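Per TrEMBL, the features are as follows:
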type	residues	note
COILED	334-361	coiled coil
COMPBIAS	558-571	compositional bias 'Low complexity'
DOMAIN	11-334	domain 'Cation/H+ exchanger transmembrane'
REGION	541-580	region 'Disordered'
TRANSMEM	27-47	transmembrane segment
TRANSMEM	80-102	transmembrane segment
TRANSMEM	109-131	transmembrane segment
TRANSMEM	180-199	transmembrane segment
TRANSMEM	273-291	transmembrane segment
TRANSMEM	303-330	transmembrane segment
TRANSMEM	443-467	transmembrane segment
Amino acid sequence: MDLLVIAVVALLVIAACNQIAPRLGLASPLVLLGLGVAVGFLPMVGAIELDPEIVLEMVLPPLLFGAAVSMPVMDFRRELIAVAGLAVGLVVVTAVVLGLVVHTIVPDLPVAWAIALGAVLSPTDAVAVAIAKDLGVSHRIITILEGEGLFNDATALVLLSSATAVGLMTDTHALEPGSLVLDFVVALAVALLVGWVVGEVTTRVCARVSDPTANTVISFTIPFLASIPAEHLGGSGLVAAVVAGLVGSYRAPALVPPANRRTAQHNWRTVELVLEGGVFLTMGLQAYGIVEEVRQTTGGLAWAGLLALTAGALTVVLRAAFVVPLLAWLRSLGARSRRRYERAEERMSAFEQRLSHACDLDEEVIGARDLTPEEWKRALHRWSARLEHGRRKQRRARNDLDYFLNEPLGPREASVIIWAGMRGAVTLAAAQTLPLGTPMRPFLLLVALLVAAGSLVIQGLTLPALVRVARPQMAADGALEDERRRLVAVLGGALKDTALAQALSDRAGQLEVEPGGAGGITRSFSTVGRVLAHVDTARPRAEAPALTTTPLRRRRPAAPVTPTGPAVRTGQAAGGTWPR
């Protein structure tokens, strides 16, 4: 009964803080953390200790899955380089450098355990995303921070487990890089495979369930269906849960009914609120027990505070040293992508001109090629499919290019990304997974708690002021107008393909009933040529409006014309140059 009362009170506190925090100008997790610390130090409340396996195996998988399933896969694809750099490269660099610095300051702590502490302090927390969203910063910054938070937890935990294993085996001052790399690659590969399989299978199962309530119940099991097998196979359960969520985000719009998706999204928002709030409230309640344990064992509270201050400042410096060149490199990649797009656009225009010229053939040329109507239909289908494929690639390249140009990542945006890298609940949960035989374990737990709480309070409270001073690009106020312009641009880009496909379909249908003479074929090619010329005149490419940042949902491609017949011959003809 006592546990039930505590759970009910905790739910009410989470809901109340979620309503009160915006009025105070604070993020709800910060209020819950402060409230937990205050309650934990009350005399009538004893030391509270939460099994870290509960957080790592029961709380984090659904929390990360809920964030992944709500992330547009198109945005994640566009920011894959930035996310991978921050979630993998920055975590590894931070863990190693912090470990070496901690070992230098505390020589009694072996390098393996020092790097384990560095891995504990490496991952960022999702509270930064919530604060940034409330501040209205650009969608691209939100995507990078959210993507980083999805994967850096898993990277840090893999490094932690590897460093811990080396420390338990040797407990020397040497750490083998080869074992860390191998463990990380194996854990990542297994997690990717398991997460992809679970995401594909469960999405298809949900597509066959008509009841939205039953569909939501199934969705609640997906993160555990992915994380549990991945852990047993030696992979990262957190990465598997994230991959399953991304697969669901990509596949569900085409398979799952809209009513089921809406119901699941609302329920997952509730789950995220409860889990995230519970983690921060518990984190604050645990502070008293950790402080008392250090006071009774080592007594080095001041020394722990000094080390935590050094580690916290070093994480910000390392993040700045990594983010600035990363964003500069991304800008250079954007310039190269623009040049590649312009060259591809020239090739596409040349192909359309060749196709338009090839369509205006006379009966003499057609007779010289000795082709049947079925063979000409195959040629029409092949050329239209090639044109459709090229235009689809160009539309995606143009959308990506406009996305990068409309939301550049300059020094102002870099400052927000750097300062938003605050630590949180994963840091404390990971620290508590350190074995009982870890040297100076209570001291390391206190350092992790101080770094996490300090970064949440200092960076979380000052991030709004930084946004006001730095003035990075903010989310567009006219989001609906931008979305309308983007839809018009995409539809305009598809106009030529639609008209061409309709002309090909109409003429192919006529060829099925016309005799095998060349007149009908000639007229069909001339029709296609006129369609191309008409659309080029009606919709100049240069006047297409610029695209904006909000991604479109994936749509099913229109079914192409599928005439049958032998393969068409290609080569030079007397009347024109044929596309190959």
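Backbone N, Cα and C atoms are what each Cβ position is placed from, and that goes for glycine too.
For the transmembrane segment (443-467), same-chain residues at least 6 beyond its ends with a Cβ under 8 Å from one of its own Cβ atoms are 25-27, 29-30, 33-34, 37, 113, 117, 120-121, 125, 127-128, 131-132, 135, 137, 283-284, 286-287, 290-291, 293-294, 297-298, 300-301, 303-305, 307-309, 311-312, 315, 415-416, 419-425, 427-428, 430-432, 434. Residues 10-11, 13-14, 17-18, 28-29, 32-41, 45-50, 55, 59, 62-63, 126-127, 301, 424-425, 428-429, 442, 445-446, 449, 452-453 of the same chain lie 6 or more positions beyond the ends of the transmembrane segment (273-291) yet place their CB under 8 Å from a CB of it. Over the coiled coil (334-361), the average per-residue pLDDT in this prediction is 68.
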